[in-house]
Amino acid sequence: MAPEPVNVSEFQELTRLALPKMYYDFYSGGAEDQQTLRENVEAFRRITFRPRILIDVSRVDLSTSILGYNISAPIIVAPTSLHQLAHPQGEVATAKAAATCNTIMVLSFSSSCTIEEVATSCNAVRFYQLYIYKRRDIAATLVQRAEKNGFKAIVLTADNPRLGRREADIKNKMISPQRKNLEGLISTKVTSDGGSNLEAYVKDTMDPSLSWKDIEWLRSITKLPILIKGVLTCEDAIKAVQVGLDGIIVSNHGARQLDYSPATISVLEEVVHAVEGRVPVLMDGGIRRGTDVFKALALGAQAVLVGRPVIYGLAAKGEYGVRRVLEILKDEFELTMALSGCSSVKDITRRHVRTEHERLLSML
């Protein structure tokens, strides 16, 4: 019997062994040369700590709140697609694990399970990820369903006017299953002669004309708060605040869209400074350790979203695996807080970390 995984990376190896190559590559791969995919993780490793000593950390409180919703730690489940390719129970298992860990799950637009199946699976705070198609009525219907089923916010993913070139999916001729949430709304059967049918499907459905002016339309169809996901620059952060969005998620789409876009942790501070506290800033991309969570908070994030590690937990061990991944990250984060001299999340400050830029400046 294989030993229990002791960190997130070990769950990834279990997933590689458990899944067909096509599905493992779909989850783990990035765009083109995968430089950004590697950099999302590597950039965290260049940030070091400035721990403080002789501070009472006999009790360490990880809890925080996002948009007024209390969570056990600043670690949220990111929207990732097609969980049933990883495990038969799909997003229902993920949702139950997130609820057990008292955190928020962002349900993917491209989920295997329906909005209603996830909503009735357990009682928890959930957000809904939205893509806006050429046919606006599809987005309107899905937003209304999410609102009706108790979802608490909309997360608009805005970095995909076209699909990034994911070469592993093309080589594997990745066949994307029909999306249950879209049944009856749009034909989800797409064939492709040139490789991944996902690429052909996105080309047929996504709206490359989507722009900032469409935020007003989205606002008009829901009372829910709207966060925008995919911001990597101060210019877009300022624009997001100006158009009245309720939160920003610094994200490069898990390095699956534009290769050589920056690692999210490397631009987090730029976005935080631009926003000036007017809306919450979250980030995803490259979170593999509790130390990474601490670094993100020190650089100004209110919370992080975790994507691939959740999938790896699900593929390896189902609902239990997702729960263990979240627990491992929480335990590592708590230890990092204690060893850095922080007894609560609000004690984590910019002075607790040193970036690569600061290290190089100190050598001049």
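From the backbone N, Cα and C atoms, a Cβ is placed for every residue, glycine too.
Unlike curated records, TrEMBL annotations are generated automatically.
TrEMBL annotations:
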type	residues	note
DOMAIN	1-358	domain 'FMN hydroxy acid dehydrogenase'
BINDING	Ser108, Gln129, Thr157, Lys229, Ser251, Asp284, Gly285, Gly286, Ile287, Arg288, Gly307, Arg308	FMN binding site
BINDING	Tyr131, Arg166, His253, Arg256	glyoxylate binding site
ACT_SITE	His253	active site, proton acceptor
Practice task
In whole Å, note down how far the CA of Tyr131 (glyoxylate binding site) lies from the CA of Ser251 (FMN binding site).
Solution key: 15
Completion exercise
Here the binding-site residues are Tyr131, Arg166, His253, Arg256, and the Cα closest to that of Ser108 (FMN binding site) is found at Tyr131
Exercise for the section: Would you mind pulling the longest C-alpha to C-alpha span across Ser108, Gln129, Thr157, Lys229, Ser251, Asp284, Gly285, Gly286, Ile287, Arg288, Gly307, Arg308, which the record has binding FMN, in angstrom? Expected result: 22
Practice task
Would you mind sorting out which of Thr157, Gly285, Ile287 (the binding-site residues) have a C-alpha within 10 A of the one on His253 (glyoxylate binding site)?
Solution key: Thr157, Gly285
Handout entry: Ser251 (FMN binding site): tally of other CB atoms within 10 A of its CB
Key = 27
Handout entry: Fewest Cβ neighbours within 10 Å, where candidates are the binding-site residues Gly285, Gly307
Key = Gly307
Problem - Rounded distance in angstrom between the Cα atoms of Tyr131 (glyoxylate binding site) and Thr157 (FMN binding site) - result: 6
Exercise for the section: For Ser108 (FMN binding site), list the number of other Cβ atoms lying within 10 Å of its Cβ atom. Expected result: 26
